[in-house]
Amino acid sequence: MNISALLTSSGINTAVCAVLFSLYSILRKQPSLVSVYFGQKLAQVRSKRNDPFWLQRFIPSASWIVKSWVASEEELFATGGLDAVVFLRAVVFSIRVFSVAGVICLFLVLPLNYFGKEEHKHIRDEQLSVFTIEDVKEGSRWLWAHCLALYVISSCACILLYFEYKSITKMRLAYITASHSHPSHFTVLVRAIPWSQEESYGVKVAKFFTDYYSSSYLSHQMIYHSGAVQKLMTDAEKIYNMLKSNSMDQHYGSRLLRCGFCGGTSTSFKILSPEPENGRTTSCLDSPDLREKECGVALVFFRTRYAALVASEGLQQPNPMSWVTDLAPEPSDIYWSNLYVPYRIFWIRKIAILVAFILFVTFFLIPVVFTQSLVHLDKVEKIFPFMKDITERRFMKQLITGYLPSVILMIFLSIVPPIMMVFSTLEGSISRSGRKRSTCIKVLYFVIWNVFFANILTEAAIDHYQDSIMKLGDPKTIPNQLAKAVPSTATFFVTYVLTSGWASLSCELIQPFPLLYNSFYRFILRNKDDSSYGSYTFPYHTEVPRVLLFGLLGFTCSVLAPLILPFLLVYFFLAYLVYRNQILDVYVTKYQSGGLYWPIIHNTTIFSLVLTQIIALGVFGIKRSPIASSFTIPLIICTLLFHEYCRQRFHPVFKKTPAKTIIDMDREDEHSGRMEEIYQKLPSAYFQINSESRSLGKSLELNCPEIQANSRETGNISRLEDLETPGLILSFFEFLFKFTYLRT
């Protein structure tokens, strides 16, 4: 790839970003799109919604940039929680470390790379490889500058990582201490309860914890079955009854919605009344239907946080596959669907998911090889001569080599997060935040392998094929070919940062899927109620891997191909503004992990540093610089020792809750008299019907008057008037949208 192809790619991406950023500044002012761009602050903006002639609505502005810039970390913490602060700390860390790398490498390393050889073409026709370490002569005495830059970048990264880890550890401890009223501290999730014909699951749980935890056991709550088939059958019956009674209900003033998609009348869809169908007051505890729906899972409440912690950490039986205990997630975080699955089959699922993951990664090598073949079109033309006719025009060749490969790879990568989310769900995570964090790790592994390593290996294979097929069987040449492929592949990574980085931020601002979702509701179904469009949590499972991948590219290419650093810095500066804006205005924080993303960020950064140092060691060896090679080995050892120190010093706080902290919290609550208030709230905190089958919720609400009263006070039950699916068309559209977007 030459300079012209790079300029073509950067020009296209800059234009796309400018257009989409301007379009966003206009769309965010439209009253009909308040639910898309102000999900977090919907109530505050409604004062201007009724003015259709507000002129500033159609003029691009940068007010959102100023607002995002001046927002404090306290505001971000109050709006997005600790996870949002941790994520933005990772972006700020990248800005700091790559600013240092940019100053060192652009003013010291880049000139040495460019003037490494004496012969040069016109700057427009130069290949990007002249700006990489590949252009430096073997045995050059200037390679010490590359080693010095590597030392400076690694030292700066480790120092910043230490202070960030220390600060975030304190923030996590403060987060735990401040959560006095969180019911999860008193609750243990018990799975794999043994089945017995003589006793129900509820009786067995009560006997077990009364016998072995008599002084600390408070009460328990059983989990009930609610299968997907049951929900589908119940919803189909409701829709049938709803359509059957439409002609009768319109005489009684029932609430109706018009369907604009099929041209129906105003009675096309109906929202059911929230009133119960009968007044039965049978106690829910005595209902035989509920006892039949019990599964071998229960939520057990304890009198103190410390007792719950001890019960969750200990092995309850000699058989580790029964009476499995874990600290329960927060009520809004618990993932009810995985609680019904028998615990004994999760290990089989994990093995199957691992095999499926490996097969999917292997299959994805096909688009990677295709994109790399487009980058090296001149080499592919020698293998396939018929392609010369396609690239005769200069602009077409620049477009194919500079812009198209990264676009194709980005399109293929867009299907990865939903598939990884399905994998993480099948693995059996008991919390939504845990499922999203597991998806984040899978996506991170996937993109590091397929975007970084697979592209490097493909580059080596293309060069290897062109040089000589006979060399393929010579194992001595493989390390040299791989070492040569890393600097030359950096030219593709530059365009990937432009396309996947800059363009992804533009799409993040525009929110294309919620925009289409909103348009379908508003213009097809003629629904003007903003509350029915739903809200979305921040997609950490897609954005954290993207930021860490660009960090990996920045570290590995900083010394070998420093031309990537300016484009990378632009990305991180834009990401800082865009993500702050999205956290403040768009995404709703329904649950959080309490900063558990930082160990993932720290470990990936250390991996990137060590990989950079190993690659540099290999390149210094190829360039025959023994001094630079010998000085790189101690740097690798020091980085690994630093990582081990951080793992011993900070990481345990992210794995377990300190006993001293929760004992102090228990004593404080006992002295202040808050314990009795907490005990009263525990039974109603975890309400399974909030997120599950509406048929079971209806049965519980009708059979249990105390649940009716609680639902009216707290709004825990999903009332029928709040349903977001007034018809079959809308149900299908919501399913397609949620599977594609997977934001919640």
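Each Cβ is built from the backbone N, Cα and C atoms, and glycine gets one as well.
What TrEMBL records for 5-164 is domain 'CSC1/OSCA1-like N-terminal transmembrane'.
Per TrEMBL, transmembrane segment is recorded for 6-27 (among others).
The transmembrane segment annotation in TrEMBL covers 86-110 (among others).
If you look up TrEMBL, you'll see 142-163 (among others) marked as transmembrane segment.
Summarising the annotation, TrEMBL assigns domain 'CSC1/OSCA1-like cytosolic' to 185-338.
What TrEMBL lists as domain 'CSC1/OSCA1-like 7TM region' is 349-620.
For 351-370 (among others), the entry in TrEMBL reads transmembrane segment.
Annotated transmembrane segment per TrEMBL: 403-423 (among others), in sequence order. Long-range contacts of the transmembrane segment (403-423) within the same chain, counting only residues at least 6 positions beyond its ends with a Cβ under 8 Å from a Cβ of the stretch, are 5, 8-9, 12-13, 353, 356-357, 360, 364, 367-368, 370-372, 374-375, 435-436, 439, 442-443, 446-447, 450-451, 492, 495-496, 498-500, 503-504, 539, 541-542, 739-740, 742.
The transmembrane segment annotation in TrEMBL covers 443-462 (among others).
Residues annotated as transmembrane segment in TrEMBL: 547-579 (among others).
Look at TrEMBL and you will find 600-621 (among others) tagged as transmembrane segment.
Outside the transmembrane segment (627-646), and at least 6 residues removed from its termini, the chain residues within Cβ reach (under 8 Å) are 143-144, 146-147, 150-151, 154, 158, 161-162, 165, 602-603, 606, 609-610, 613-614, 616-617, 620-621. What TrEMBL records for 627-646 (among others) is transmembrane segment.
The transmembrane segment (86-110) makes contact with the transmembrane segment (547-579), as judged by at least three Cβ pairs under 8 Å among residues 6 or more apart in sequence. Among the listed stretches 142-163, 351-370, 547-579, the one sharing the most Cβ pairs under 8 Å with the transmembrane segment (600-621) is 547-579.
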